[in-house]
Amino acid sequence: MCHLLTMSDLTNEDINEILQDAEWFWKGNTWTTPQKMYSVNLFFEPSTRTKCSFEMAERKLGMEIIPFETNTSSLHKGETLYDTVKTLEAIGVDLAVIRHNQDHYYRELIPNIRIPIINGGDGCGQHPTQSLLDLFTIKQEFGTFKGLNITIIGDISHSRVARSNMEALTKLGANVTFSGPPEWFDHSFSLGNYAPINQAIEHADVVMLLRIQHERHQGKSFYSAEQYHDQYGLTLERVNRMKNGSIIMHPAPINRNVEIADELVECKKSRIFKQMENGVYIRMAVLKRAVEHSLRGCLHELHN
Amino acid sequence: MCHLLTMSDLTNEDINEILQDAEWFWKGNTWTTPQKMYSVNLFFEPSTRTKCSFEMAERKLGMEIIPFETNTSSLHKGETLYDTVKTLEAIGVDLAVIRHNQDHYYRELIPNIRIPIINGGDGCGQHPTQSLLDLFTIKQEFGTFKGLNITIIGDISHSRVARSNMEALTKLGANVTFSGPPEWFDHSFSLGNYAPINQAIEHADVVMLLRIQHERHQGKSFYSAEQYHDQYGLTLERVNRMKNGSIIMHPAPINRNVEIADELVECKKSRIFKQMENGVYIRMAVLKRAVEHSLRGCLHELHN
Amino acid sequence: MCHLLTMSDLTNEDINEILQDAEWFWKGNTWTTPQKMYSVNLFFEPSTRTKCSFEMAERKLGMEIIPFETNTSSLHKGETLYDTVKTLEAIGVDLAVIRHNQDHYYRELIPNIRIPIINGGDGCGQHPTQSLLDLFTIKQEFGTFKGLNITIIGDISHSRVARSNMEALTKLGANVTFSGPPEWFDHSFSLGNYAPINQAIEHADVVMLLRIQHERHQGKSFYSAEQYHDQYGLTLERVNRMKNGSIIMHPAPINRNVEIADELVECKKSRIFKQMENGVYIRMAVLKRAVEHSLRGCLHELHN
């Protein structure tokens with residue numbers, strides 16, 4: 001399949017192939033599309049990292065990018081997402097990266113759209129390239145996933161990352177533990193247990209902090225920044241409980257002094273900016289895969 | 001002349017040349033600007049299709065595009081359109097595509113601007129590249145315009161497309177009929193008559209639907225989506241009245257189940273997404289023409 | 001140093017080198033970065049000229065530009081400017097041009113950011129590339145700065161240009177006089193005196209008009225457009241008081257018939273659009289300098 005929509009669609013073999021390609025790019029190897037190809041990045045929610053990271057990856061693969069400003073497009077004239085994407089396909093765009101606030105937005109696209117769709121995040125659903133770059137960062141550090149203890153802390157029920165990562169990490173042999181406000185834990189997450197914050201930090205190889213998504217909290221239990229940091233944040237005190245060789249991750253953007261103490265963002269254990277760097281390699285790998293699958297598909301049609 | 005402002009400025013010969021170039025591009029031929037050239041796309045009204053289509057066409061001709069976000073430009077500091085375009089010219093931009101909500105916005109530009117202006121739509125005025133791509137789509141289908149019956153249905157008085165197309169199609173030998181809400185018909189349109197909807201559809205070779213421009217209707221007669229669809233839309237019932245070999249066109253964005261039944265948007269008779277594809281070839285042809293005229297103009301000045 | 005933050009950081013020698021490089025580019029010479037480099041233009045305030053001018057300059061040097069829309073970025077999720085720039089650095093951006101409404105915004109960036117920052121304007125602080133292009137325009141005209149009388153008229157206390165230019169021009173040997181509303185004069189500007197408007201115009205080699213920054217005036221003394229033009233604008237009457245060989249400059253955007261009579265914007269004495277053209281050459285020179293210093297810095301680190 002050309003699309004990348006959820007982590008659940010990927011087998012362990014798929015994941016390993018993508019991680020290997022990312023490492024190949026990380027080592028300085030280059031690959032460009034065999035013909036001029038055009039991509040579009042449709043971001044209907046704010047993004048710095050993911051959008052810029054895809055832009056960088058696309059350019060490194062020699063793709064041309066058709067700019068698309070979601071706030072001045074015909075979506076303001078009531079056009080559906082399907083018609084927008086179908087239009088871009090008709091115009092000659094070869095691949096679309098989409099972030100949208102609606103869960104599973106891609107379901108209305110898949111049946112009739114013939115270009116690969118890369119999911120850049122759907123509502124409270126998934127964010128597969130974020131998961132993959134997290135996996136890549138962990139793999140670089142530990143060489144394996146088997147037996148690793150991964151603690152995911154924070155706004156679990158709203159997190160695209162928590163859901164995708166839990167599934168993938170478990171499938172790859174790691175043990176996932178959740179912590180943070182108990183009322184934010186999602187009991188439908190059958191693959192990981194909840195543990196109190198200090199205990200969850202002490203036994204972790206990876207402490208993965210999630211951003212508090214203020215913009216998705218409405219009428220829910222409320223913590224002040226200080227309260228949250230004190231009760232569930234990675235404080236200067238708590239970081240000392242972490243094991244030797246363990247690392248800190250955060251998908252960013254960071255709320256400094258909320259999820260993590262300001263001074264720890266760039267500390268020795270932190271892989272936060274490393275994750276961003278790795279994001280480019282992962283997206284190069286994912287785009288390469290989509291292009292190759294898509295061209296094989298086209299060739300196949302030509303031969304029939 | 002380098003500019004492309006209205007269909008009225010083009011002779012039949014000009015139109016045929018542009019259609020021939022578009023077909024030449026459609027066949028897979030390529031042409032790039034003889035020197036590095038820079039374009040800018042100034043869209044002061046929402047657009048997906050037209051803006052992305054120009055972006056694609058410019059890239060296919062090897063032009064570099066200076067991005068310009070109309071909502072963060074100095075127009076917010078009260079700068080005139082003339083000063084904005086003159087600035088871009090001074091900076092080294094070679095060509096500007098402009099969409100603006102003011103009718104004939106280009107009149108204040110033409111006297112002193114020395115780079116080609118391509119009109120991407122002015123208020124309720126014209127939208128020449130849309131007309132040209134409509135002509136190209138009809139030509140591809142029927143090989144000629146002579147004697148064809150073209151029915152244009154909908155929001156005629158607000159439509160840049162209705163006006164441009166009526167003029168051009170008549171000049172090329174087709175018969176234009178209008179339909180839709182009689183109170184939306186513009187009696188200053190001397191080149192086409194009004195006919196009731198079913199009759200207009202039955203005798204048409206081309207049924208050209210127009211988008212209801214909600215954003216331009218204020219205090220005018222109002223139809224609900226259902227009412228409009230029922231009375232003037234291309235319904236599943238009405239499509240059966242269409243002749244063999246006749247086609248459906250729509251400039252898009254489409255209001256599904258208003259101007260046209262959802263199920264008909266991609267039906268066999270529909271050329272709606274074909275129009276969008278053709279838009280890129282037409283814009284390549286129009287840009288090529290502007291660049292060639294402009295360079296000839298420069299050479300001419302050098303020789304004097 | 002790789003950064004360009006204020007004019008005060010530049011010695012006369014630095015300035016002369018930049019002006020020489022700009023002239024070298026103006027003569028048609030070309031230079032491209034020795035390896036593929038990526039820039040980003042972060043404009044948190046409206047801009048046409050400066051942003052497009054940097055875009056053009058970057059393209060002429062062969063740089064790739066990662067687009068960044070400030071109104072859809074994660075800054076809307078509360079991310080700090082530091083984290084945004086650090087993210088872009090992690091993603092592989094090699095250079096950032098930044099405009100921000102906060103004075104000295106760059107102070108929080110400099111200690112830990114490793115890519116060159118080019119200041120595209122900070123609050124009421126500085127706007128060094130505007131100053132440099134002003135200097136370049138004056139140098140082209142008069143060949144020297146020594147003994148020239150430069151009159152700066154208008155909204156001095158809010159002007160990034162007034163401050164930067166006063167410092168640089170004085171350092172280079174010119175005499176700076178200020179005029180305009182006396183209550184808008186900034187008495188902390190020790191390097192230039194205030195003179196009444198007609199006298200200031202009569203003795204000037206360069207009449208440099210400043211834009212009234214309506215967006216920064218709140219609760220201050222108010223002039224209607226007519227009043228301002230009448231009392232402090234360059235009117236059709238006042239232009240006749242100017243010396244032979246003297247020139248008119250304005251950083252733009254222009255409020256026509258406020259700072260300057262409409263008819264004078266493109267008159268023989270005006271260098272206003274020439275300034276914009278020169279802006280591209282200056283920015284090419286500034287970017288080249290930043291890239292060269294930055295690459296030397298990298299090489300240096302490699303050798304240690």
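Numbering starts at 1 and runs along the chain as it is shown here.
Every residue gets a Cβ built from N, Cα and C, even glycine.
Source: prediction; values computed, not measured.
Copied from TrEMBL, the annotated features are:
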BINDING   C:R49, C:T50, C:R99, C:H127, C:Q130, C:A252, C:P253  carbamoyl phosphate binding site
BINDING   C:K77, C:R160, C:R211  L-aspartate binding site
DOMAIN    C:3-140  domain 'Aspartate/ornithine carbamoyltransferase carbamoyl-P binding'
DOMAIN    C:146-288  domain 'Aspartate/ornithine carbamoyltransferase Asp/Orn-binding'
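Spanning the residues C:K77, C:R160, C:R211 that the record associates with binding L-aspartate, the maximal Cα-Cα distance equals 33 Å.
Listed in sequence order, C:F43, C:R99, C:G120, C:G121, C:H127, C:T129, C:Q130, C:G279 are the same-chain residues at least 6 apart in sequence whose CB falls under 8 Å from the CB of C:T50 (carbamoyl phosphate binding site).
According to DSSP, C:A252 (carbamoyl phosphate binding site) is assigned to coil rather than to any helix or strand. With a cut-off of 8 Å between CB atoms and residues at least 6 apart in sequence, the same chain places C:R49, C:R211, C:I272, C:Q275, C:M276 near C:A252 (carbamoyl phosphate binding site), listed in sequence order.
Among the binding-site residues C:T50, C:K77, C:H127, the ones with a Cβ under 8 Å from a Cβ of chain A are C:K77. Non-local contacts of C:R160 (L-aspartate binding site) by the CB criterion (under 8 A, 6+ apart in sequence, same chain) comprise C:G121, C:D122, C:G123, C:C124, C:G125, C:Q126, C:H127, C:Q130. Across all of the domain 'Aspartate/ornithine carbamoyltransferase Asp/Orn-binding' (C:146-288), the predicted model scores a mean pLDDT of 91.
Cβ neighbours of C:P253 (carbamoyl phosphate binding site) (same chain, under 8 Å, six or more residues apart in sequence): C:T48, C:R49, C:R211. Note: C:A252, C:P253, taken in sequence order from the binding-site residues C:R160, C:A252, C:P253, have a C-beta within a distance under 8 Å of a chain B C-beta. In the shown protein chains, 19 other C-beta atoms lie within 10 A of the C-beta of C:K77 (L-aspartate binding site). Across the domain 'Aspartate/ornithine carbamoyltransferase carbamoyl-P binding' (C:3-140), DSSP assigns 65 helix, 22 strand, 51 coil. Using a 10 Å Cβ-Cβ cutoff, C:R49 (carbamoyl phosphate binding site) registers 24 neighbours. Those residues noted as binding carbamoyl phosphate (C:R49, C:T50, C:R99, C:H127, C:Q130, C:A252, C:P253) have their most widely separated CA atoms at a distance of 16 Å. Helix, strand and coil residue tallies for the domain 'Aspartate/ornithine carbamoyltransferase Asp/Orn-binding' (C:146-288), in that order: 59 helix, 24 strand, 60 coil [DSSP].
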